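The ATP binding site annotation in Swiss-Prot covers Gly608, Pro609, Asn610, Met611, Gly612, Gly613, Lys614, Ser615, and the record cites sequence analysis as its basis.
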Amino acid sequence: MSIAPAAHTPMMQQYLGIKAQHPDMLLFYRMGDFYELFFEDAEKAARLLNITLTTRGASAGSPIKMAGVPYHSAEQYLARLLKLGESVVIAEQVGDPAASKGPVERRVSRVVTPGTLTDAGLLDETRDALIMAIAVAGDVLGVAWLNLAAGRFQVTELDRTALPALLARVRPAEILAHEHLDLAADCPVRRLDAWQFDADGASKRLARQFGSCDLQGFGVAEMHCAIAAAGALLGYIETTQRTALPHLLSIRAERDSDFVLLDAATRRNLELTETLRGDAAPTLRSVLDTTCSGMGTRLLRHWLHHPLRDRAAVAARRDAIGVLAAAPDSAARLADLLKRCADVERIGGRIALKNARPRDLSGLRDTLALLPELAAALPTDGARLAALRDAVAATPDVHALLVRAIQPEPASVLREGGVIADGYDAELDELRALTRDAGAFLLELETRERARSGIATLKVEYNKVHGFYIEVGRAQAERVPDDYRRRQTLKNVERYLTPELKAFEDKALSAQERALAREKALFEALLDTLIPHVPNLLSIASALAEIDVLASQAERASTLRLCAPEFSDDPCIVIRGGRHPVVEAQVEHFIPNDVVLNRTRQMLLITGPNMGGKSTYMRQVALITLMACCGLWVPAASARIGAIDQIFTRIGASDDLAGGRSTFMVEMTETANILHSATADSLVLLDEIGRGTSTFDGLALAWAVARHLVSATRAFTLFATHYFELTQLAQEYRQLANVHLDAKEHGADLVFLHAVEDGPASQSYGIQVARLAGVPGPVIHAARRRLRELEDAQLQPGPQGDLFAAHLPRDEAPPHPALDQLRELDPDTLTPKAALDMLYALKALTDSEP
C-alpha cells in the first residue's frame, strides 16, 4: 500500500501495522469466525485458493479488497498455501470485543512457513520438513539445517560446487540464503541480510540455546561459516515460533566422510524415492517400505539417501535384520504393535513448542502403554536390538501422569472441553458438576412449572443462541404466571424466562465458561510439566522408528528373497544372481545376472541391443551396492562389497531448458563432474557417452572418457555403449572386460535374453527394435538398404542413428558379381582388345545370373 497508514480507518491501521512487520508473507487477520485477508494479500489468496474476492467498505477513500476463510477450516487452506511455497502470519484477537473502545486488540500468534511446520494436519507424515540456512565466506559455504518437529540440528561446510548434491540429499522445504548467494532451488528461498550471518553473534546465540558457555563440546567451534548459518537459522526460528525451543539441545557436524556420496543426477537416475516423472512409485522406497508408522517411513527414506561408510554401523543394521528375519513371529508382533503407535517424534516436538493438541497427549499416553510389550517382543539376540530394547524402556511417571490427566477419548480441540479427565482437578470437577446437574434441575423445574401454571405441554429447554427458556403453545400463552417474561415469539409458541431460570442460567453458563478456562489452564500446565521429558520422548521415538524399519526389512528379506551382504576389506563388488528390485516387482520373470569388479577387473564395457537390459543391469548393481551400504539386505544370491566412497550415474539425459543447456551439454556436465570427483573407491555408471553429437566426436569422447576412467581414475565402472570400436580397449587394458546382453531372432520376432555374457555383442539389432517400436515399413526397408550400402562401402557411420547399425540380415538379393569386377577395373590401362574381352566376360556373367 502506498497510502500513508494515518489515512486509513483505525482497524486498517492495525492491520497495516502488523502487515508491515511481515511484508513478504500472507496475513490471516482474525475477525470473528473468519480469517480475513486485505488488499494485495486478498487478491493473491483469491487466486491461489480459488476463493471469492470482494470489497467491503472503504479506507483512505478506496474500496477495501477482501477475501476470507472460515476459522474452523483454516488448516486446509494453510496446507494448500504452504504446498505452493507461501508463508502465512496468523494474527488472533486477544482483546475483549465488549470492552474495546476501538478495534479489538490483535497480535501475531504464530508464523507458519514451509520449513517450520509442526502441525499434524499440515505435515506430510512420510517425509521430514526441513529448513536450511546458507552462509557465504569466499568460496566456502556454511550450511545449517533443522528438523524443527524432531529437534535435529546439523551443519556442514563445503565449496559451492558441492551444494547441488547436498540440496538433493537434504531436500529442504525452505531455504534462508545470504543476500549475495546466487542460488537456484526447488523450494522457497528467503533472502537474509548479511548482518544476520554474523559468526560471533551466532556462536553466542547457539551457546545460549544449548545452555553451554561455548560450542567446543559440539565439534563445530572451528566451523565459523557453518556457525553463522546456524545462528541465522536459529534467529529465524525464534522469530517465527514466538516461544522457547527447549528440544533444541545440541548441534551436530556432518562430514562427507560419514556417507557414501551421491550427486543430484545419481539420486534422480536411481529413482530412490521419486521417479524421473516425480511420482512416489515405482521407486526403491515404494518397493521396500512396509513400515507401520510415519516415523519408520521417514527413517527409511533418510537411510536410502544417506548410505554409510561406517562398516560397524552398517553391519549392526544388517545383523539386526537377520535376527528379526529368523524370528518372523517376533517381527509380525512388532509390526502389529507399531501400527498402534502415535507419531511420538512429532508429538514431542509439539509439546516442546507448546502447540500440542489433546489427541497428541492421548496418543502419546497410549503409545507409552505399549512400550513394555514392544520391548518384550524384541528378540534377545544382537547388540543393536539390545540397545533398542533399552531405548524403549517404559516411562511410568509420564504415562501415569497422562492417564490421570487426559480423558480416554478427549475432544480434538481444547476449546470444545472434555479434555482433562475427571478427578484430576477438584475445581474443574466442581464446575463440571454444576453443568451436569443442569439436566436434573431443568426436569424438576419443568414439573413444578407445569403444576403451577396448569399447562401440561409446557417445556423447559435450551439452545446456544437464546440460552434457557420455558416454551408454551401460543394458545396457552394467556395462562402463564405473572413472573414469566417473554424471551422470544415464534409462529406457534412463546418462550419465557423466569427469575429462577435466569439465576440458574447465569450460574450454569458461568460454570461452563469457567470450566473451559480452567481446562485450558490445566492443559497448558500439563505441557509445561511434560517439556523436561521431551528429550527422552524423542529418544524413544528414534528407537521406535528404527525398530519399525528393521522389522519391515526383515519381512522384505523373506518376501523378496533378499540376502545379507558381506563386506570385504579388499576393493571389490562381487554380486551373484543380482536383481533390480523395482523392475523385478513390475515383471513376471526377471533374469538374474552376476557382476565381478575388482582391481584386476575395474571396468565392464557393456554392449548389446537397445531394450536388451543394459541400463537395468547397471542400475541394479548401483542399487544393490547402495542398499548394502544402508545396512539393508539385497536382491541377490550373494553379494560382497568393498569400501565405496561415492556412486555416480550418467544414464539418460534431457534438455535443461530453464538453464539454457542442451541434452549433450547436460551429458557432458555430468560426465565432467564424474571425471573430476570419482576416486578408485567410487562406483561409476555411464550409459552411451557421446551419443548427443556427431559420430566421430562422440566416439572420440567416449574412448577418451573410458580410457581415463580405467587408467587414471581406476574407479569401478560400468560403461554401456553402442560404439563397438570401444571394445578394442580390452586389448590395451587388462583391467577392462567386455560383456554383452544378447537377443535372438525368431522368425519375424526379436527375443531379448537379458542375460549378461562375456565378450562384445555381435549386433545391436537397432532396425529390429525400430520395427518393434512401430516405425513404418517403408522407413525400415529404406534403413536396411542404406545400412547395406554403408557396410558394402565400409563407411564409418556418421549420423547418430547409424550408431545402432550392425551386420543385419538383408531382405534384398546380394550385389551382382559383375559389380565387383567393374570396381576393380581401370579403363586407362586397358587396350582396345582387352576392353572388348572384358565386355564379353561381363556379358557372360549377366547371362549366367537368373
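Quick reminder: no glycine exception, Cβ is built from N, Cα and C everywhere.
Excluding Gly608, Pro609, Asn610, Met611, Gly612, Gly613, Lys614, Ser615, which define the ATP site, the same chain contributes Leu741, Phe752 within 8 Å (Cβ to the Cβ centroid), listed in sequence order. Around the Cβ of Lys614 (ATP binding site), the same chain contributes Ile606, Thr607, Gly608, Asp687, Ala720, Leu741, each under 8 angstroms and 6 or more positions distant in sequence. Long-range neighbours of Met611 (ATP binding site) (same chain, six or more residues apart, CB within less than 8 Å of its CB): Phe752, Val769, Leu772.
All protein chains shown were included, and the count of other CB atoms within 10 Å of the CB of Asn610 (ATP binding site) stands at 20.
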